[in-house]
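Peer 1: My questions all concern the structure below.
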Amino acid sequence: MAFSVVLHPAFLLAVLSLRASRSEVLEEPLPLTPEIHKVSFQLKLQEVNLEWTVPALTHEELNMIFQIEISRLNISNTIWVENYSTTVKREEAVRWNWTSDIPLECVKHFIRIRALVDDTKSLPQSSWGNWSSWKEVNAKVSVEPDKSLIFPKDKVLEEGSNVTICLMYGQNVYNVSCKLQDEPIHGEQLDSHVSLLKLNNVVFLSDTGTNINCQATKGPKRIFGTVLFVSKVLEEPKNVSCETRDFKTLDCSWEPGVDTTLTWRKQRFQNYTLCESFSKRCEVSNYRNSYTWQITEGSQEMYNFTLTAENQLRKRSVNINFNLTHRVHPKAPQDVTLKIIGATKANMTWKVHSHGNNYTLLCQVKLQYGEVIHEHNVSVHMSANYLFSDLDPDTKYKAFVRCASANHFWKWSDWTQKEFSTPETAPSQALDVWRQVWSENGRRIVTLFWKPLLKSQANGKIISYNIVVENEAKPTESEHYCVWAPALSTNLSLDLQPYKIRITTNNSMGASPESLMVLSNDSGHEEVKEKTIKGIKDAFNISWEPVSGDTMGYVVDWCAHSQDQRCDLQWKNLGPNTTSTTITSDDFKPGVRYNFRIFERSVEHKARLVEKQRGYTQELAPLVNPKVEIPYSTPNSFVLRWPDYDSDFQAGFIKGYLVYVKSKEMQCNQPWERTLLPDNSVLCKYDINGSETKTLTVENLQPESLYEFFVTPYTSAGPGPNETFTKVTTPDARSHMLLQIILPMTLCVLLSIIVCYWKSQWVKEKCYPDIPNPYKSSILSLIKSKKNPHLIMNVKDCIPDVLEVINKAEGSKTQCVGSGKLHIEDVPTKPPIVPTEKDSSGPVPCIFFENFTYDQSAFDSGSHGLIPGPLKDTAHQLGLLAPPNKFQNVLKNDYMKPLVESPTEETSLIYVSQLASPMCGDKDTLATEPPVPVHGSEYKRQMVVPGSLASPSLKEDNSLTSTVLLGQGEQ
């Protein structure tokens with residue numbers, strides 16, 4: 001009983017367990033095998049289209065997973081496996097597409113499918129179902145033995161994609177080679193008559209396509225090929241925006257990106273479609289970058305747009321959503337007017353496009369003149385106005401206005417512009433004036449300078465400048481000058497009196513306030529110290545010591561250093577408590593010296609020079625070397641001079657000069673330094689410290705030696721330019737000493753010649769007169785002073801013993817004397833009369849003349865000439881030229897007189913040319929007896945003739961000589 005009780009439950013459990021196991025086996029779904037109904041392909045797209053169904057489907061809908069396997073060439077060469085999930089409906093075909101990477105025309109493909117249930121409505125399936133049978137995809141074409149084919153034809157693809165080109169050629173064609181444009185490409189052999197060319201990451205070369213050309217090296221050599229149309233990659237639209245200007249339309253715009261159009265109609269420009277999700281409206285744009293969307297009145301405020309770009313290869317989309325009231329872009333203001341109020345004000349009015357009284361716009365007003373802009377904001381419903389104030393007279397202005405939504409700012413409207421001009425008014429500012437004064441011929445030349453007024457100060461076109469010059473000593477008298485614009489300076493010539501100068505400027509509406517300047521007596525003659533300053537890059541730091549506390553301010557003026565007193569003067573006005581300033585100017589240049597003057601201006605408007613300063617913003621090395629001359633040289637030295645070198649007009653302050661000397665010996669004595677040039681040549685250098693020393697004596701040299709020298713100045717920036725050396729040779733020592741002797745002697749001789757030439761007349765009269773005069777002969781006086789006075793001719797001490805006087809009796813024949821002969825009547829028949837002892841106590845010294853140029857017969861009215869001849873006989877042979885009877889007549893008539901009784905006796909001596917022809921009164925005689933040239937007598941030294949020689953015999957053949965024998969006692 002008990003056992004049965006225990007056994008019965010155990011049996012029941014076993015039966016239940018067996019039932020449960022059997023029910024599980026029975027409830028697991030049977031595997032479903034798909035059945036392929038249709039396999040098609042699209043060769044242009046290289047696409048395989050597959051359709052299949054699932055028989056014995058127990059549910060209306062069932063989620064299933066299909067595994068698709070594709071093989072190429074044969075079923076064992078699997079190239080593609082893909083799982084495809086979809087919902088399968090009873091008695092409805094499932095479709096699937098596959099794109100081949102190899103043209104379908106080149107090779108066969110095989111496809112099969114198996115399924116797996118993946119749905120909660122059915123018990124899960126633990127494994128894949130059975131495979132369907134294989135389906136062949138055969139689009140392969142046949143090729144003739146001598147031909148070749150290439151696929152795909154005119155392929156369209158995107159830049160950066162990959163493509164495989166298939167070559168098919170007949171059995172008679174071998175070794176086919178291909179080129180992409182001009183670049184060769186290599187392929188792989190698929191079978192004996194099919195080759196594949198794989199191109200990766202193709203690039204865009206042209207919208208007309210990229211050519212691929214092929215040719216066989218064996219068999220028919222016909223060229224064949226295809227064209228790849230590579231398109232730019234389609235981009236999604238950028239910066240998509242929509243706005244309204246009148247709440248009637250929405251203007252949507254975007255940036256389309258690159259153009260993907262291809263030629264030959266392979267691909268047109270991408271299309272753009274605008275779809276709004278709330279209204280379910282879609283519109284295709286006729287433009288590539290914009291579309292105008294019509295707003296339905298009162299329809300909606302919120303918009304959600306999708307903009308889609310599409311071409312043959314792909315689609316790109318972008319979304320935008322907004323509130324209409326937040327995208328308001330107002331139209332430009334209209335009816336803008338301007339009213340000029342005086343010279344400094346203008347009122348502008350305008351209107352806006354109405355959006356209702358509850359809609360407020362914010363308008364921006366802009367005033368522009370030149371580069372200056374002023375902006376103001378105004379709230380507007382329908383119309384508004386704005387008053388411009390503080391305008392400049394005689395100025396052209398541009399007024400602008402634009403508006404935007406005041407509640408939700410989106411964009412400003414376009415500007416509306418209006419131009420206007422303000423009228424002129426009198427200048428409002430006095431001129432900034434200054435002066436430059438210098439002396440010339442006892443007067444002052446004053447150059448007045450003034451700076452032009454700013455446009456805001458001139459208040460119109462400046463016409464002229466009026467200058468009034470008032471002499472403080474004569475205040476009622478003044479001079480007026482007018483200088484026409486645009487001149488900014490003028491010159492005045494004033495005396496040394498103090499003056500007041502008043503300057504104003506005028507435009508068409510009046511004159512400016514006057515500027516006053518006072519010139520004191522010493523203006524232009526101030527002597528102050530000058531110091532050197534160093535500038536910085538484009539500026540100078542100027543400082544000075546205040547002179548007095550009673551000052552109205554300071555003026556610093558400056559200009560570039562030049563030899564001309566007139567320069568482009570600049571100045572700067574400073575306050576009374578200022579003792580330093582920085583002067584900057586774009587005109588400052590390196591290597592140019594600038595002179596600064598600091599003036600103190602008193603309350604009386606007088607300017608007093610306080611200090612002078614000079615400097616460079618940057619010193620440069622000298623640009624020019626001095627021209628050196630050698631004024632003097634010796635065997636052991638020579639002198640170098642460069643006096644004409646102006647050190648004040650160089651590119652820097654001249655600190656000194658460097659003198660280089662080189663020779664063969666190259667021995668440098670102190671203070672010379674031995675130095676090297678860049679070309680490694682050795683020379684001696686001497687540093688002349690200071691710019692004023694412009695002379696140097698080079699000493700300790702060798703005679704007759706060649707030296708080379710070179711002189712260059714230097715500044716803080718360095719020495720001057722390198723130039724060629726000048727050669728000099730020292731002279732010989734002996735020739736130099738000889739020159740020292742000869743030169744003074746030559747100078748003395750030249751001086752003597754000059755003095756003699758200067759006193760030539762005096763020397764001639766004293767030493768060798770043209771007409772010797774014994775009474776004026778200084779030689780005689782010299783002899784007289786040194787010798788016995790009895791040996792010197794003294795007329796008053798000589799008494800003539802015998803005189804020959806030739807008289808010309810009227811009616812008688814003129815006596816003529818030939819050369820060396822006498823006429824018959826003149827030949828003495830008696831011996832000449834000779835003084836005897838009875839007449840004289842002893843020998844009487846007499847003067848003997850051999851010069852026949854003087855004749856004492858001047859006292860006779862019948863004057864005549866004597867024919868001189870050479871004196872061949874000695875003194876003791878000479879006789880009287882006159883016969884005794886004539887001599888007695890002379891004595892009787894008192895023809896002989898003391899020579900010293902009358903001064904006229906000196907002048908009564910008749911000069912007869914020593915070369916004169918015979919003087920004859922008979923023409924016949926002249927004809928028959930031509931004159932014979934005679935030797936010219938000369939004035940010879942007088943001598944004392946002894947008494948024993950007083951009466952020599954006269955021979956006929958002797959030449960005639962005029963002889964005078966004077967007795968000692970004759971007065």
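Glycine is treated like the rest: Cβ placed from N, Cα and C.
Sharing the features that Swiss-Prot gives for it:
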type: DOMAIN; residues: 332-425; note: domain 'Fibronectin type-III 1'
type: DOMAIN; residues: 427-523; note: domain 'Fibronectin type-III 2'
type: CARBOHYD; residues: Asn74; note: N-linked glycosylation site
type: CARBOHYD; residues: Asn97; note: N-linked glycosylation site
type: CARBOHYD; residues: Asn130; note: N-linked glycosylation site
type: CARBOHYD; residues: Asn162; note: N-linked glycosylation site
type: CARBOHYD; residues: Asn239; note: N-linked glycosylation site
type: CARBOHYD; residues: Asn271; note: N-linked glycosylation site
type: CARBOHYD; residues: Asn304; note: N-linked glycosylation site
type: CARBOHYD; residues: Asn323; note: N-linked glycosylation site
type: CARBOHYD; residues: Asn377; note: N-linked glycosylation site
type: CARBOHYD; residues: Asn491; note: N-linked glycosylation site
type: CARBOHYD; residues: Asn577; note: N-linked glycosylation site
type: CARBOHYD; residues: Asn722; note: N-linked glycosylation site
type: REGION; residues: 949-971; note: region 'Disordered'
type: MOTIF; residues: 412-416; note: motif 'WSXWS motif'
type: MOTIF; residues: 767-775; note: motif 'Box 1 motif'
type: SIGNAL; residues: 1-23; note: signal peptide
type: TOPO_DOM; residues: 24-737; note: topological domain 'Extracellular'
Peer 1: Within the domain 'Fibronectin type-III 2' (427-523), count helix residues (DSSP H, G, I), strand residues (E, B) and coil residues, in that order.
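Peer 2: Computed counts for the domain 'Fibronectin type-III 2' (427-523) are 4 helix, 59 strand, 34 coil.
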Peer 1: Does Asn97 (N-linked glycosylation site) have same-chain partners at least 6 apart in sequence with Cβ under 8 Å from its own Cβ, and which are they?
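Peer 2: Set apart from Asn97 (N-linked glycosylation site) by at least 6 residues yet with Cβ under 8 Å, we have Glu47, Val48, Asn49, Leu50.
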Peer 1: When neighbour density is defined as the number of other C-beta atoms within 10 angstroms of a residue's C-beta, which of the glycosylation sites Asn577, Asn722 has the lowest density?
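Peer 2: Counting other Cβ atoms within 10 Å of each of the glycosylation sites Asn577, Asn722, the minimum falls on Asn577.
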Peer 1: If I take every residue in the motif 'WSXWS motif' (412-416) and average their pLDDT values, what number comes out?
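Peer 2: Overall, the motif 'WSXWS motif' (412-416) comes to a mean pLDDT of 95.
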Peer 1: Which residues of the chain, 6 or more past the ends of the motif 'WSXWS motif' (412-416), have a CB below 8 A from one of its CBs?
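Peer 2: For the motif 'WSXWS motif' (412-416), the far contacts come to 329-334, 336, 350, 364, 366, 400-404.
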Peer 1: Find the one among the glycosylation sites Asn377, Asn491, Asn722 whose C-alpha lies closest to that of Asn130 (N-linked glycosylation site).
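Peer 2: When the Cα distances are compared, Asn377 comes out closest.
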Peer 1: Let me know the most crowded of the glycosylation sites, choosing from Asn130, Asn162, Asn304, Asn323 and counting other Cβ atoms within 10 Å.
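Peer 2: The residue with the densest Cβ neighbourhood is Asn304.
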Peer 1: Which one is it: of the glycosylation sites Asn162, Asn377, Asn722, whose Cα lies the shortest distance from the Cα of Asn323 (N-linked glycosylation site)?
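Peer 2: Ranked by Cα distance from Asn323 (N-linked glycosylation site), first place goes to Asn377.
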Peer 1: State the three-class DSSP label for Asn304 (N-linked glycosylation site), counting H, G and I as helix, E and B as strand, and everything else as coil.
Peer 2: strand
Peer 1: Around Asn74 (N-linked glycosylation site), how many other CB atoms lie within 10 A of its CB?
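Peer 2: Taking all protein chains shown, Asn74 (N-linked glycosylation site) has 9 Cβ neighbours within 10 Å.
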Peer 1: Helix, strand or coil at Asn239 (N-linked glycosylation site), per DSSP?
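Peer 2: Strand, per DSSP.
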Peer 1: Output, ordered by sequence, the same-chain residues six or more apart from Asn271 (N-linked glycosylation site) with a CB under 8 Å from its CB, or 'none'.
Peer 2: Val284, Ser285, Ala309, Glu310, Asn311
Peer 1: Of Asn162, Asn304, Asn377, which is closest to Asn577 (N-linked glycosylation site) if I measure between C-alpha atoms? They're all glycosylation sites.
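Peer 2: For Asn577 (N-linked glycosylation site), the closest Cα among Asn162, Asn304, Asn377 is found at Asn377.
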Peer 1: Which residue counts does DSSP yield for the motif 'WSXWS motif' (412-416) in the helix, strand and coil classes, in that order?
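Peer 2: The counts are 0 helix, 1 strand, 4 coil.
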Peer 1: In the domain 'Fibronectin type-III 1' (332-425), how many residues does DSSP put in helix, strand and coil?
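Peer 2: The composition, in the requested order, is 0 helix, 55 strand, 39 coil.
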